[in-house]
Every structure is written in C-alpha cells, then in structure tokens.
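Here is what TrEMBL records for this protein:
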ACT_SITE  GLU132  active site
BINDING   HIS131, HIS135, HIS138  Zn(2+) binding site
DISULFID  CYS38-CYS41  disulfide bond
DOMAIN    34-226  domain 'Peptidase M12A'
DOMAIN    227-340  domain 'CUB'
DOMAIN    338-450  domain 'CUB'
Amino acid sequence: MKCIVNLFLLLMFIPDSDIPMMEGDILIHPRGRSAINCVSCLWPKSADGTVLIPYNLSSGYSQQQVSLFQNSLQEFHTLTCIRFVPRTTEKDFISILSTGGICASFIGRIGGEQQVYLDSGSCMSRGTIQHELEHNVHRSDRDDFVTIMTQFISPDKIGNFDKMDTNNVGLEYDYGSVMHYPGNAFSNTSGQATIVPKPNPSIPIGQRIGLSPLDVSKINRLYQCDDSGLLLNSANGTVTSANYPSTYPNNSTSVWLIRTPSGQVSLQFIAFDVQFSTDCVSDYIKIFDGPSKASPVLLDRTCGMGLIPQLISSTSQMLIEFVSDTSITATGFKATYTSGAFYAPGKNFTSPGYPAAYSPNMNCIWKITAPAGYKISLTLHDFMMESAPNCIYDSLSIYDGADTSSVLMVKYCGTKSARTFNSTGNAMMLNFISDKSFQYKGFLASFVFVSAT
Ligand SMILES: *[C@@H]1O[C@H](CO)[C@@H](O)[C@H](O)[C@H]1NC(C)=O
Ligand SMILES: *[C@@H]1O[C@H](CO)[C@@H](O)[C@H](O)[C@H]1NC(C)=O
Ligand SMILES: *[C@@H]1O[C@H](CO)[C@@H](O)[C@H](O)[C@H]1NC(C)=O
Ligand SMILES: *[C@@H]1O[C@H](CO)[C@@H](O)[C@H](O)[C@H]1NC(C)=O
Ligand SMILES: *[C@@H]1O[C@H](CO)[C@@H](O)[C@H](O)[C@H]1NC(C)=O
Ligand SMILES: *[C@@H]1O[C@H](CO)[C@@H](O)[C@H](O)[C@H]1NC(C)=O
Ligand SMILES: *[C@@H]1O[C@H](CO)[C@@H](O)[C@H](O)[C@H]1NC(C)=O
C-alpha cells in the first residue's frame with residue numbers, strides 16, 4: 001500500500017530546522033510519508049502481540065523529567081499493546097530531543113530515525129508527552145464535530161486547520177482526546193475560540209492530563225491489540241469485577257488503571273468475595289501505587305472474603321489487577337474511588353486551626369496506611385495541648401495499627417518536644433480529643449514510609 005501525505009496549504013517552520021511543521025506540532029518529513037490512513041505506516045507487531053517502538057531519549061532532561069517520561073510510557077504499556085523500548089540497534093526508532101523550544105513529532109512510522117521534540121522547558125507534562133508520542137502511533141481525527149471559527153484565525157495560520165483524511169478506526173469522535181487541540185488554538189483574538197464543539201459548545205476540549213479512554217481504544221483497534229487495561233479517568237467512580245454481582249469469569253486477568261485529573265486516588269471497597277486459596281495462588285486482587293505492575297505494591301495478593309482497608313495512592317494513578325484461574329469463581333468485588341489531597345508522606349499535617357487554638361469538643365481521627373512491606377515513621381514536630389493527669393481532658397492518642405483496638409503507643413497532653421514514633425505494621429491511627437474548656441495550638445506532624453526490612 002502506498003502512503004500518500006496530504007497536501008497542505010501552508011507549512012510552519014520550526015526554528016533552527018528545515019523540517020516543515022503543520023497543525024502546530026506535526027512534522028512533515030521531506031520524503032513525504034505519514035501514517036494518515038496508512039496501514040503500512042504502522043509499527044510492526046511482534047509474534048507475542050506487542051508492538052515495539054524503540055526510542056532514544058536525549059541527555060537533556062533532568063532525572064525528574066526522565067521519571068515523568070517513563071511514567072507516561074507506562075500508561076501506554078498498561079493500556080495498549082504498544083511497548084516503547086530503549087533503542088539498541090534497531091533501524092527504525094524515535095529520537096526524543098529536548099531542544100528546539102517546541103513540542104512536535106511526525107505522524108506514524110516514517111522509517112529510520114524520526115525525531116520527536118519535547119522541549120525540556122515547556123513540553124514536560126504527561127499529557128503533552130503522550131500527545132506527541134501518540135502522533136507516532138497514529139493520526140487523530142477531526143471531522144464534523146467541531147466548527148472552525150475562521151474569523152479569528154489569521155490567514156498565515158489557517159493551514160493548521162486543514163481537514164485531513166484520517167483513520168478513526170470506526171470509533172466515535174473524541175472531544176476528550178489528549179490529541180485534541182484546545183478551543184483557543186491559533187486564535188488571533190483574545191477570548192475568542194477558534195474551535196467550537198457541536199452541537200454543545202461547552203463540551204470541554206483540549207485536555208492535556210493524559211490519554212483518554214477513546215485514545216486507548218483507538219490505538220488498540222488500529223493495532224488489533226488483545227484485551228488490555230481499562231482506563232478510568234474521572235475524578236471519582238466505581239470499579240467492579242466483570243459480571244458483578246454475578247460470578248466473575250474463569251481464567252481471566254483484568255487490569256484497571258485509575259488516573260484522576262488531579263490529586264491522589266482513594267479506593268474504598270464496598271464488597272469483596274474472591275475464591276480463597278493458600279497464599280492466594282488461584283484467584284486474587286493486587287493493587288499498585290502507580291501506573292504499572294512495576295510500581296510499588298499498595299495491596300499484595302488478596303483473596304477470600306471480608307473488607308479491605310481504604311487504599312490511598314501517592315499520586316493520581318492507581319492500578320488494580322484481578323486474576324482468576326480456571327476453576328471456581330465468586331462474586332468478586334465492588335469499590336469506589338475518589339480523588340483529592342490526602343495526607344502524603346513528607347507533608348506536614350496539623351490539628352485543625354494550628355497554630356491558632358483548636359476548637360472545643362473535637363474528636364478527629366487520622367488513619368495512615370503505608371504500602372505493603374513498609375512501616376510508618378511519624379514525627380511530632382510541635383505539640384501543645386491542655387495538661388491534665390492521665391490526659392483526661394484533651395489528648396492525642398497514637399495507635400500502632402488501623403483503629404482503637406490496636407496497641408496504644410502513647411497518649412499525649414501538655415507541652416512536648418519533638419519525637420518520632422514508628423509503627424510495627426503498615427498502619428497507624430491518631431485520635432485527637434478536646435473537651436469544652438482550655439484550648440491550645442495543638443500539633444504539627446509529618447510521616448514517612450520506611451522499608452520494613
Ligand atoms: C541516544 O542519545 C544519546 C544522548 O543524546 C546519544 O549520545 C546517543 O548517540 C543516542 N543513541 C542512538 C542509538 O541514537
Ligand atoms: C484575525 O483573523 C481574521 C481572519 O483571518 C482577520 O480578518 C482579522 O483581521 C484578524 N485579526 C487580527 C487582530 O489580526
Ligand atoms: C464526583 O464527580 C462529580 C463531577 O465529576 C461531582 O459532581 C460529584 O460530586 C463527585 N462525587 C463525589 C462523591 O465526590
Ligand atoms: C485460559 O485462557 C487462555 C487464553 O485466553 C486459553 O489459551 C486457555 O486454553 C484457557 N485455559 C482453560 C483451562 O480454559
Ligand atoms: C468456572 O469453572 C467451573 C468448573 O471448573 C464451573 O463450574 C463454573 O461454572 C465456571 N464459572 C464460570 C463463571 O464460568
Ligand atoms: C514541616 O514543619 C517543620 C517544623 O515547622 C518544618 O521544619 C518543615 O520544613 C515543614 N516541612 C514541610 C514539607 O513543610
Ligand atoms: C524510627 O525509624 C526511623 C527510620 O527507620 C529511625 O531513624 C528512628 O531511629 C526510629 N525511631 C524510633 C523511636 O524507633
């Protein structure tokens with residue numbers, strides 16, 4: 001099959017480069033190849049069903065940016081059969097460059113070394129990284145679902161909106177795609193949109209948080225990937241095992257990636273019933289603090305019945321894996337997730353109002369859960385509460401476990417100097433109580449997770 005690149009009215013030029021660019025961030029190769037509607041420009045599929053895309057990352061990124069880049073790749077790996085792998089000797093590969101002041105890439109596989117520009121100053125967010133990498137995988141679409149407001153586009157920018165023959169692989173138009181341009185793209189008039197969704201102009205477009213569920217479906221359909229992970233990208237929602245509350249299927253593995261728009265993920269189980277086996281060798285659930293099975297474990301293999309404590313990720317990503325063997329199934333699980341700021345390792349937290357006086361008649365609880373294999377090291381930096389024998393009026397109690405039935409490590413009142421408390425397991429609970437009289441500033445504390453081994 002021949003790969004024909006469309007003709008564009010105008011081409012933009014990247015500074016310090018002779019490679020022309022269109023649609024703001026798409027590079028056009030002088031040889032004129034592109035993956036627009038072009039099956040032979042896809043990356044080849046390996047015998048094991050994965051699609052390997054070798055890449056070489058330039059040396060111009062900080063350690064933190066390299067981590068973010070890896071995190072962005074891991075979402076592709078969890079959700080699709082695309083595998084970005086460090087290049088060794090492969091002839092065709094993408095070369096990620098930190099220079100140029102732009103975020104831009106080619107469309108599809110062009111052969112040989114193909115450059116992706118991810119400026120280390122302005123392009124290093126997960127959504128932008130994934131947007132540029134996805135160009136290398138396929139072309140996103142734009143058709144009759146938006147109105148282009150040409151009255152706000154200067155003639156020399158109009159070429160960015162040329163309609164292209166694209167491959168939608170039969171899926172619906174995706175306003176929430178990480179590939180979609182924002183509503184004000186190339187506007188020459190402040191406050192005036194150039195792209196207006198139809199029929200509802202208030203549909204949000206142009207998000208750069210990360211891949212959308214339809215972005216994932218599009219890649220999987222284009223490359224005919226086998227079942228991959230399911231992406232849940234709302235701020236809150238529900239996850240259930242397949243067929244819940246009927247029995248889950250035999251012989252299956254399911255993966256859910258929760259990636260909330262911001263904050264951390266908090267997962268609360270409502271029901272849990274999974275075939276019991278010793279060490280959960282048969283059916284099990286396992287939960288990770290991040291986007292892949294290589295991320296730290298939040299909940300190790302768990303099976304049987306009963307409730308699982310609330311789990312909180314350290315970032316906006318949490319991965320749930322659910323595996324069943326070939327016999328005996330149960331009803332599985334149901335859980336809800338929300339996002340927000342939870343008490344995170346290394347961050348200070350305080351009694352309400354600190355350093356101003358706390359209120360009378362308070363009863364507050366903080367529950368801290370570390371990933372499996374970690375314990376909690378809590379430091380009270382500053383402490384002042386009403387003093388009384390046995391702390392009978394105001395007090396802070398610290399428990400070595402998830403609730404008040406756990407061992408009481410200390411019951412504090414009065415004025416105390418800084419001190420550290422270590423849990424023996426992966427949970428700790430603080431209970432702060434005040435009575436109706438005499439209020440002081442309370443406490444300032446922080447915690448870290450330390451390896452239990
Ligand atoms: C990969 O990038 C590094 C750092 O920029 C460079 O030194 C190396 O030559 C590149 N390797 C390949 C295979 O392109
Ligand atoms: C914006 O673009 C429109 C259409 O090309 C043009 O008529 C108008 O003069 C431009 N406005 C500005 C402020 O450049
Ligand atoms: C869930 O998110 C929606 C908006 O995305 C919001 O309206 C709703 O209040 C949230 N519910 C909870 C329980 O946080
Ligand atoms: C389990 O599923 C795999 C792939 O889906 C299949 O190859 C295998 O035969 C199945 N095993 C049983 C015992 O059903
Ligand atoms: C799972 O397999 C067992 C036999 O090994 C069968 O009795 C059961 O109905 C199967 N469950 C489902 C949901 O297919
Ligand atoms: C936490 O509070 C302590 C004591 O005031 C302070 O030294 C430290 O810098 C604070 N840490 C953070 C992360 O704010
Ligand atoms: C608690 O654990 C930390 C980190 O492992 C250690 O430095 C500290 O000495 C321990 N403190 C106590 C009171 O055990």
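Numbering starts at 1 and runs along the chain as displayed.
Quick reminder: no glycine exception, Cβ is built from N, Cα and C everywhere.
Averaged over the domain 'CUB' (227-340), the predicted model has a pLDDT of 93. On a Cα basis, CYS41 (disulfide bond) lies 18 Å away from HIS131 (Zn(2+) binding site).
Secondary structure of the domain 'CUB' (227-340) per DSSP (helix as H, G, I; strand as E, B; remaining residues coil): 3 helix, 58 strand, 53 coil. Taking CA atoms as the reference points, CYS41 (disulfide bond) and HIS135 (Zn(2+) binding site) are 12 Å apart. According to its DSSP assignment, CYS41 (disulfide bond) is helical.
Cβ contacts within 10 Å of GLU132 (active site), excluding its own Cβ and spanning all protein chains shown: 25.
Proximity of the recorded positions (CYS41, HIS131, GLU132, HIS135) to ligand 4: a Cβ under 6 Å from the molecule is found for none of them.
Scoring each of the recorded positions (CYS41, HIS131, HIS135) by how many neighbouring Cβ atoms lie within 10 Å, the top position goes to HIS131.
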